[in-house]
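Asks: Here's a structure for you.
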Amino acid sequence: MSSADRKPSPDDVPPIQQAIVNQEARLEQHEKLLQNLIESNRAIFDQVSKLTSQVTSLSPQQPGAAPIPDQAPPSGHANVPLAMAMREPSAPAPERYDGEPGSCQAFLTQVGLVFELQPLSYPTDRARICYLIGLLKGSARAWGTTVWENQSPVCQTYQAFTLEMKKIFDHPVRGREAGDRLTIIRQGSRSVAEFAIEFRILAAECGWNDQALQRVFYRGLQDSLKDELARRDPSPDLDHLISLAIQIDNRIRERRREHSLQPHPPVSTQSEPVNLRSSLSDPEPMQIGRARLTPEERGRRHAANVCLYCGHAGHYIAGCPARPAKGRAPQ
């Protein structure tokens with residue numbers, strides 16, 4: 001079996017799904033941080049506008065009056081800008097980074113957003129490096145701790161530290177490797193929506209054209225979905241194909257749930273009334289020209305209370321006029 005036809009084992013699926021969930025959570029954190037930054041900037045702008053209005057409304061200083069000398073600030077305090085007197089917006093701490101190659105850049109982006117929202121809390125490069133190392137775990141923490149304890153030159157600036165960190169840990173799946181992954185991933189037991197997320201992430205890195213991506217995506221679907229798509233017109237692009245496959249998959253899964261919830265008819269344990277006289281004395285209704293009744297047909301005639309021989313009502317098999325005379329009971 002070629003590598004293109006090999007299906008991933010169940011052990012390969014959970015890490016991929018977990019990585020997708022982590023990416024979604026990080027994107028949500030990014031959105032929250034950006035929203036906090038926008039609100040903080042709006043508050044600063046409002047306060048500056050108010051202060052400007054107050055200053056312009058003051059009466060001009062009368063001529064001849066001696067200017068008031070600047071008072072020396074208290075000992076230990078420098079001229080504090082207005083922004084320092086304001087409270088910095090809160091920022092949730094990013095998830096701890098364990099050295100996973102595919103999520104290094106996302107982690108550094110989250111840390112950078114914290115510094116953007118709280119520049120006064122982390123004013124120096126070394127303060128930022130300390131904060132970043134505190135968010136590391138696993139192999140990444142072992143590397144960061146060693147570099148810091150040895151006072152490596154990369155600890156002099158935050159930029160140098162992050163560049164060195166990227167050299168070691170930032171190795172996402174890209175280019176040819178992403179293309180190779182695309183050819184072997186399969187939907188498996190996942191929904192099409194889950195499969196499409198992983199597919200789009202790899203597709204964005206491999207640089208293939210739309211037609212090639214459509215063929216590879218179709219190949220990775222379950223056979224039942226391929227059969228449904230084969231009855232439809234070809235999709236104009238990958239987005240349409242993925243959307244259509246998700247719709248079909250959702251309908252199939254919904255129908256399966258409906259079937260699983262349908263109650264099964266109870267099995268009756270009560271015996272149906274039968275003509276004891278005919279059952280005991282009459283032979284099985286299979287004379288010349290007539291075939292033996294199937295169990296289903298025999299049950300149906302019992303339930304309808306009709307003749308087992310001819311299927312008509314009003315008499316039983318013992319007195320059936322359609323039976324040969326020698327097998328009919330005397331009238």
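Glycine too: its Cβ is placed from the backbone N, Cα and C atoms.
Straight out of TrEMBL:
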type	residues	note
REGION	55-76	region 'Disordered'
REGION	257-286	region 'Disordered'
COMPBIAS	267-281	compositional bias 'Polar residues'
DOMAIN	307-321	domain 'CCHC-type'
Asks: With DSSP as the reference, give the number of residues of the domain 'CCHC-type' (307-321) in helix, strand and coil.
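Replies: DSSP classes over the domain 'CCHC-type' (307-321) add up to 3 helix, 0 strand, 12 coil.
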Asks: Any idea what the model's mean pLDDT is for the domain 'CCHC-type' (307-321)?
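Replies: Residues in the domain 'CCHC-type' (307-321) carry a mean pLDDT of 77 in this prediction.
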